[in-house]
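Student: Okay, here's the structure, questions in a sec.
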Amino acid sequence: MANVQAGVPPTDKALDVEREGPRPRSDLSRQRLRSAWLFLAPMLLVLALVAGWPLVKTIWFSLTNASLSDLEGAEFVGLRNYWEYVDYGDGEGEYFGLLFDPQWWNAVYNTVYYSVISVAIETVLGLVFALVLNAEFKGRAFVRAAVLIPWAIPTIVSAKMWAWMMNDQFGILNDMLMTLGIISSPVAWTASPDTAMWAVIIVDVWKTTPFMALLILAGLQMVPGDVYEAAKIDGIHPVKVFWKVTLPLIRPAILVAVIFRALDALRVFDLIYVLTPNNTQTKSMSVFAQENLFQFDKFAYGSAASTLLFLVIAFITLFYIKIARLDLGGRGN
Amino acid sequence: MPYAVKRTGFYALVVLIVLFSIFPFYYAILTSLKSGTALFRVNYLPVDFSLANYEGVLTNGVFPTNILNSVIVAVVVVAISLFLAVTAAYALSRINFAGRGLLLLTILAVSMFPQIAVLAGLFEMVRWAGVYNTLFSLIFAYMIFTLPFTVWVLTTFMRDLPIEIEEAAIVDGASPFTIVMRVFLPLMWPALVTTGLLAFIAAWNEFLFALTFVSNNSTRTVPVAIALLSGASEQEIPWGTIMAASVIVTIPLIVLVLIFQRKIISGLTAGGVKG
């Protein structure tokens, strides 16, 4: 948390609010100030305990030789978990540590691959869903309700439901595709190295497209209707209106949705852990870290992986806050 | 293109979207109602109506306890985070003080935290506090995602309320705490319901902390219990039971989401927070 806090300049608006500060204060406003901090204290204390301190400890563990059975006896070892050169003498040696671990880079590759593909598909599909939901037709309320269902289903349940549908022997997906003649023999979707990642992506797209669609729909509904009327009067083709008018107007909404989803996708854990357990083709950074922390008894090494993932996400968050230029000062009183 | 073709095309797309969205859950219900070897024949329409899987999952083993655990954790988490968030949101939205922008930024940053980044540190804390393998560990840990989110959404909501509603109370000399409790709280029910519901869903669905901080079968919450449901042998995955358990824990969520549809959509988009 400390990194994020120190790295971000407050937005211009927030600064304005603060600069309004030093005007003559009455007893009343002093009383309000005091109660402001009183009101904030419990929330801040909980956040410091549940987020700030554990984050500091995770980073600390990544610089030690801690093991699951001996957390108290952890000793500082510097950056050895990240980067270490072991000299064998005679000019020979080898690099060790997270940054030289092919399994870690495999997890990085999987995570990035998964994030880019799934977010891209979700954006396109979400846009289609949003355009449909934005049109007026009979039964729109029903469709909107139906679209929300995948979002409401717990990730673990989605993973299990799809694991069953994708079952190689008894799954309905193979049955469907074979009936349609798309595949000739059953596919072991979640187990086969060629399809495991696509299985994960399919389930994620199914579960998260509604969320994407809702965020884009909110953007679509802010486009004033007279824009479309003007285009209609000018006789402009609807496809051209979409590319030249609608899309540029909802670009900010799409951008925000994409970044939120990307941040979520980069920390993926549940879906991969349950749908494709112990599969090198799908292992994400979070799964890699969790395994090292609690299954391989490499607590310090897992902490180092957690720390690196945190840095990546913190960096993207800063980027997001910068481009979104959030209205943090607000109107207030 | 003639109008009729366009219209048919549009409705075909609508049907496709609806099928894509509801078919997997429909199929889970269908599977959960099958028994014995019927499970291993693919059907697209219901052919069987056996409640054996439901009976099995609700009478054997600890699954009912798991449901109770999930309810306890989610309800307590929602109550605590709403209580802490209402007063904090009042301070953040209605009172000018130095550092407010930075504070909001910090809260937003925490809501984007990857859970894995605090997992090692939280694990040490949970063991140190002696709450490993208890529901307290989860109630505490879940604050990391419910609290920033509720504070953020409630702050946005309170900021948009007109200043007049507070003025009379201030003139009458009401304390800030009275103002929050007597003036704002009655106006905030819609926002509280929305954020409470979203926090409830998040807590109900959480997996990573629940997997890590609890190792005792009867203390587990529902998502972990379902993930770990297994048969007598490795090969024998009890799909019927898993689907029945899945349907049981999902139906309440779907009902809630359908009832509060509009509120949830506005909460999600106003807060712009992860799903």
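For all residues, glycine too, the Cβ spot is worked out from N, Cα and C.
Nobody curates TrEMBL annotations by hand; they come from automatic prediction.
Feature annotation from TrEMBL assigns transmembrane segment to B:9-29, B:67-90, B:102-123, B:135-158, B:179-204, B:237-260. What TrEMBL records for B:67-260 is domain 'ABC transmembrane type-1'.
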Student: Going through B:102-123, B:135-158, B:179-204, B:237-260 one by one, which has the most CB pairs that fall under 8 Å from the transmembrane segment (B:9-29)?
Tutor: B:237-260
Student: Below 8 angstroms Cβ to Cβ, which residues of this chain, lying six or more residues outside the transmembrane segment (B:179-204), approach it?
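Tutor: Residues 70, 73-75, 77-78, 81-82, 85-87, 90, 142, 145-146, 149-150, 153-154, 157-158, 161, 165-166, 169-170, 222-223, 249, 253, 256-257, 260, 263-264, 266-268, 271, 273.
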Student: By a Cβ-Cβ criterion of under 8 Å, what residues six or more beyond either terminus of the transmembrane segment (B:102-123) are in contact with it?
Tutor: 92, 141, 144-145, 148-149, 151-152, 155, 208-209, 212-213, 273-274
